[in-house]
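Annotated features, as they stand in TrEMBL:
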REGION    1-88  region 'Disordered'
COMPBIAS  26-36  compositional bias 'Gly residues'
COMPBIAS  37-48  compositional bias 'Low complexity'
REPEAT    97-138  repeat 'WD'
REPEAT    139-180  repeat 'WD'
REPEAT    181-213  repeat 'WD'
REPEAT    319-340  repeat 'WD'
REGION    949-1053  region 'Disordered'
COMPBIAS  955-973  compositional bias 'Pro residues'
COMPBIAS  1007-1019  compositional bias 'Low complexity'
COMPBIAS  1035-1053  compositional bias 'Basic and acidic residues'
Amino acid sequence: MSIAATLAAHKKKTSIANKYQPIGQTGPGTGVGGTAGNTSKSSTTTNGPEQTVAPPKRPLYTSSSQAPPTPSAKKPKPSTTTTPPQSLPIHLDQVISDATGSQINACQYNTTGEYILTGGVDRTIRLWNPDTKFCIKTYEAHGWEVLDLAVSPENGKFASCGGDRTVFLWDVMSGMTIRRFTGHTQRINAVDFNEEGTVLASGSYDTTIRLWDCRSQLRAPIQILEEPKDSITSIKIKGSDLLAGSVDGSIRMYDIRMGTLITDQIFEPVTSVSFSKDGNCILASSLDDTLRLMDRANGTMLNAYKGHMNNKYKIRSCLSNSDAYVLSGSEDGSIYIWDLLEPISITDTLKRRFLESIDNVKVEPGRYKYVIVDARAAQIMASAGCHMADVLAREGTMYLENLESRRAPSANVEAIYFAMPTEDSVRRIIRDFKVNQNATYSAAHLFFLAAMDDKLFDHFRASTDPKYIKSLKELFMDFNAVESRVFTLGNDHQAFFNLYSPQHRHEKQHKEIDTISKQLISVCASLQLNPIVSYHRCSDSSMQISKGIAMTLQTELDEYYKGQPRVGVSTACIRMSHGFTERKHPHLMIIDRAVDPITPILHDFYYQSMVTDMLTVKDGNKYDYKSFGQDGQPCEKTAMLDETDKTFTKIRHSHITDCSKYLKENVSTFVAEAKAAPTSGNALDAIREQMAKLPQFQETKEKYTLHMNIVDELFQLTGHNRLVDISRLEQSLATGQHADGEIPPSFDPEVTTFMDDYRVKMADRIRLLTLYFITQSSPPDVRNNFFQLSRCDYNLRESATNIEYLGVKLDVAAPPPVKKSWYADLLKKKPLEEDEPEYDLPRYVPTVKTIIDGVVNGNLDRELYPYTLGPDQLEDIQAPKTVRSLRSAQPTFHHKGRRNEPQGRLIVFIAGGMTYSEIRAAYESAAQHNWDVLIGSTHIVTPPSFMEDLRMLKNPPPPPPVRPRSPSPPPQPVAKNSGAFASVKNVFGGNNSNNAPKPAPKPVPKPASQGSGQQQQQQPHPPRPTGQLQQQHHQHGDSKYKEKIKGFWNEFK
């Protein structure tokens, strides 16, 4: 099966499989067997949305002693059939170095894999025997550094190029140059042979590609390709196709025989291009730290891979010989390896669905697309990283506007609406296409993010002119993506009050449970999952929130997937040797905040948790800080602490002391690299190289400065407020014993010492008292004594006492801890540098991590966490199944448990809020158990916000007011010379006028037949069907029809 067919069959394709330490010297092309040239492909078709994945948090193998056992050296018998994918080595095999110690720019195996050619800054090329590490021959002719190498198919010759603007053709045995090809005016970055070894292609800084005849004695190139607009960085030839990557952000594929060119734009400088072994796909790497896998035939984006660093035109990438893995170097000194068939992230899933919906809308010739979003849709799109530039880059898309804003009529425009099916949004859409009046646009394509109510649909059908409504679809995307493994429902803190407030216990709790269940349907539908659902069973009959959500959700799932098999993408067959096997069925665990009221109160000294706890961070990721502008004047800036910040992503789950160490080391390396002299010998090229690095330099410098300042501020706050001592006591209260394992008779004396200390903030005193009341028996008189000792206000006392509404019995002490044989391991302290203090590892394990470990290991107490399905249904679902390939009869060998394949998928949902500590636990468990663990909640809470919610729980604030239903002002025409994107403001915040790909079309007046003087006869809407999955085939001449497929409404002409 080809790689493209495999990816098409498995919709969710990629995630990082492993990460390796550098093999020998770091640099371009070093590492895994042979170079993978810089790749770029281009086609006139628009690329699909990117699907990215972040690297797992797992130890790096820095030496062979740390690596797992090497796979058996026993090899299978040779066969004419396709070889099954083999596991890649995960340890450093050997290091080959020469006495000069010069930088190596190019490394290339010969075609049989027996020898290695290297070329570098010392202007020489060396032939090595990798087994003996012996340098067999040295080739000298270049006047400047060597930048690329290519070996001819027959192994007798090789070509080299470099800064001296010359391509050399060498004889391997004699070490002499056979030919010298000159004509490029600047340094040559890439060279490659065709499959017959008769033609040699070279790509240069002078923006040209030249083809040379290796058989004749012609000095001039047989062809010059001058279409690129900037430097050529990579060239690969397969068959009659020549693939070239360029700094102009284009990937060009030339068919040399037919004389045709296909160009794909990725809008980022391309550093490497290569073909897959089967020739059906193209892999391209670019300076935005992304690898793109693209279909060779039509340029469709099949997948995207992230996690590595690529900022300096040095990194190359390739596919493994079996096309099972994607490999890339990285500027952090590592080799990254992704498995093609691994699942993608939540963020990329939402972004892909938005962009695919836009791409699937085909407009008539001469018309354009306007994308119109309501406030909720804009929020979801922004959370998924689907920004204005992404939308406007789609073919034929001209505007991105708010549904609530004033919009001018445009007769040659088809509008694409993304909106929630609320009365306000539907009313605004109706106003654009109301019966018996001029329509705002020539056609409408409606994408509702949740299921549309029947009554509202009937109202919409009766109020709009049907000839304008070309399509209507329910996308089920009503949730926010926070990180690659994290999502929220966007309910904010109101969900907490609706679930736990005594005022809302009977009034709003059931409605909130129903809302949560419907939004979880969106999560399952977007991930294409029909999971097994289980929940936490609370002993208190009045605290059955988890059960209510789980049972309601199960009913919704049964309705949504009615008549379809219980499978999901994550359980689809994946490759193992020549057979196929199924992973465990996806699992959805539903719990609520009452399961673990301790975690939101504890101080957590891991970076992300600490930043959001102790500093002012808006919306969970916006941090305002003081800096200096380009003019040197002080100014206010806002940093986004999310996965777009690679430094933050690297350290977010690290202890604050480890963060400090990491930043110091990387800043030192960064400064050393910045002071280093340019590697290029040509003065002009050196200046251009330095100028190209300048934007990345400034950005990296800004990020390091930001995080160094944050870490320093956190250390100061920690020292001034005695947070280290408070945290030790918190851990003792939560676990019931001190760090040395001693169980004190009472914690009262220790708590009392912090109540009268002026260095301890009042908020920290209340948090400590709340934790004390949860874990210790606290009758009213004991609580009053501590409140008086802490001198806290009466309104703050409710933060500690309202915890009882989460099911905590304040008069009853928590059960004593159970000592375990492995408990001593939890008490180990982590040694650091001499000038840095030791720190205690947290001893309290969040309940979420315990649940995840129980599900993964299969030892979760099912009396406490039962399933929503009956035993008979579970037995049918969980029965092991194996599907054999048609090639199973052929000789094969079995790989025991490819360690990089996730063994299952688990979604943990916490109603009432989740913490960053629990998010970190989900990431750590995913890496530890090799499972795909996702975590979500109604919203994210920090310790300050959780304590504030507790304070207001008895008398919660009213929900935010609903937008008034008064009609908006009539749309006004766009002013002359207002620019293509005058109305495209503040959809995602800010003016994106600089991202305009093409000018806006001028409004065209409507034909007279549609004016007020002559009304069009109203066409009846089709009736709304009530049937389930329909298998009907309609001819193109049929009238409009509508069918319901898995809850999606599709309307066709």
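Glycine residues also receive a Cβ, built from the backbone N, Cα and C atoms like all the rest.
Keep in mind that this is a model prediction, so the values were computed, not measured.
According to DSSP, the secondary structure content of the repeat 'WD' (319-340) in residues is 0 helix, 11 strand, 11 coil.
Note on the repeat 'WD' (139-180): DSSP counts are 0 helix, 24 strand, 18 coil.
The average per-residue pLDDT of the prediction over the repeat 'WD' (97-138) is 85, rounded to a whole number. In the repeat 'WD' (97-138), helix, strand and coil residues by DSSP number 0 helix, 22 strand, 20 coil.
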